[in-house]
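Chemist: Not my notes, these are from Swiss-Prot:
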- 22-237: domain 'tr-type G' (DOMAIN)
- 31-38, 110-114, 165-168: GTP binding site (BINDING)
- 31-38: region 'G1' (REGION)
- 89-93: region 'G2' (REGION)
- 110-113: region 'G3' (REGION)
- 165-168: region 'G4' (REGION)
Amino acid sequence: MTIHQSPEAFGYDAFLRQHQNKEVLRFITCGSVDDGKSTLIGRLLHDTKQIFDDQVTALQRDSRKHGTQGGEVDFALLVDGLQAEREQGITIDVAYRFFSTDRRSFIVADTPGHEQYTRNMATGASTADLAVILVDARHGLTRQSRRHALLVSLLGIRRVALAINKMDLVGWSQDKFEAIVSGFQAFAAPLNFTEVRAIPLSAKNGDNVVLPGTAATWYTDVPLLRYLEEVPVKSEERAAAFRMPVQWVNRPNSDFRGFSGLIASGSVAPGDAVTVAPSGKTSTIARIFTADGDLERASEGQSVTLVLADEVDASRGAVIATSDAPLTLTDSLDVRLFWAAESDLVPGANLWAKVGTQTVNAVVKAVHRRIDPETGQAGPADKLAVNDIGDVTLTLDRQIAVDPYAENRDTGSLILIDRETTDTAALGLVQTIVASSKVAPAPTASVTASAEPARSGGLLAGLKRLFGG
């Protein structure tokens, strides 16, 4: 397995093309505090040759000052960047790292283990394709391990790598490993995971992380990195119809008018019939314009300007969809919330709701139930406290274009924003759409430029506002 290739070896242009054409897997690491999440990512970066000699020297120096591994190198320090994290030996913020092999590129989010930082963990999970849930082999499953498994399930992540870490500290006991796996499978049975791959490893020593370990002769499957290289990136659950929220109208002169944005899902080509929500106007794609020239087809994750064959009135907040799979317009939503604000959420609360580039006023009509993070079972509730997960009904001041989250993670998710502080208060997943019979209004700017919260970056940027990132 070739892990690292120098651009000098075959030319910078070829090197860049190779990496641009690779599949990208987004995954998160989560679990209880001190389960070794940051150490695992640091080991992946080190053993895939992603760090330079001067970084290794700095790591050795920092390990002596801040490390938690005695006199040995502490790979967690490659990821824990905040001073508070290094002083406490824990992860607080969400840290993103990038690395690649000859097979695939990776974006990994190291998420906090402490319960008071669980809301930070939702930031990393909101865009991930896969979750690596770490469990300390000495302690087994914890309340926070179960909570994270429930959360990644609620956020639509269907593939899980169950990394049983610190196996060296239990003598690579097969019985201990199988007991943890059995307990996790029993808890996760109702969570609708399509795959749970259990891997025994030692992030500190590197066994079964990048290369196979030799201590556990009873384990004959692949190490973690090989699994991450081979797992399907786009599962059936992520296949979705074309959706592009309009970020701005591109009109440099009277001869050109296009709608610019990031394609949230699906793909589109010239000639495709599209519908613009909320106006309901239809047209066809005339051109797909980019800074590098026109495209024959554009897909999820690409930033493009769509030129339509007809003059269609639309502005920021509109959503362009293929006509064979239009969005639903509604002013009432049943939403599953991950509540992140310190104050309780109660019926009558008035917030901003942001879906893509749409921002509207939202009132909490009712709080229906709270999800128990230990069991995953729902019970009646009339309020939600910080870090609670529950189901509510929102009433909006006008219709917006949405999908159920089960059909589209991008246009089916939202954030709620405190109107007074502009802090992000919750992550929401659209469960049920209550279609309205009233006529959809013409698209307008959501709020004034000076007042609109989380103006760019969508769901992830809005969540990161919680932490000043």
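Don't overthink the numbers, they just go from 1 along the chain as shown.
Cβ atoms here come from the backbone N, Cα and C positions, even for glycine.
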Chemist: Which Cβ among the binding-site residues (Gly31, Asp34, Lys37, Thr111, Met167) has the fewest C-beta neighbours inside 10 Å?
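Modeler: Per-residue Cβ counts within 10 Å for the binding-site residues Gly31, Asp34, Lys37, Thr111, Met167 bottom out at Asp34.
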Chemist: What does DSSP assign Thr111 (GTP binding site), in three states?
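Modeler: In the DSSP reduction, Thr111 (GTP binding site) maps to coil.
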Chemist: For the region 'G4' (165-168), DSSP counts of helix, strand and coil?
Modeler: 2 helix, 1 strand, 1 coil
Chemist: Quick check: in three-state DSSP terms, what is Lys37 (GTP binding site)?
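Modeler: The three-state answer is helix.
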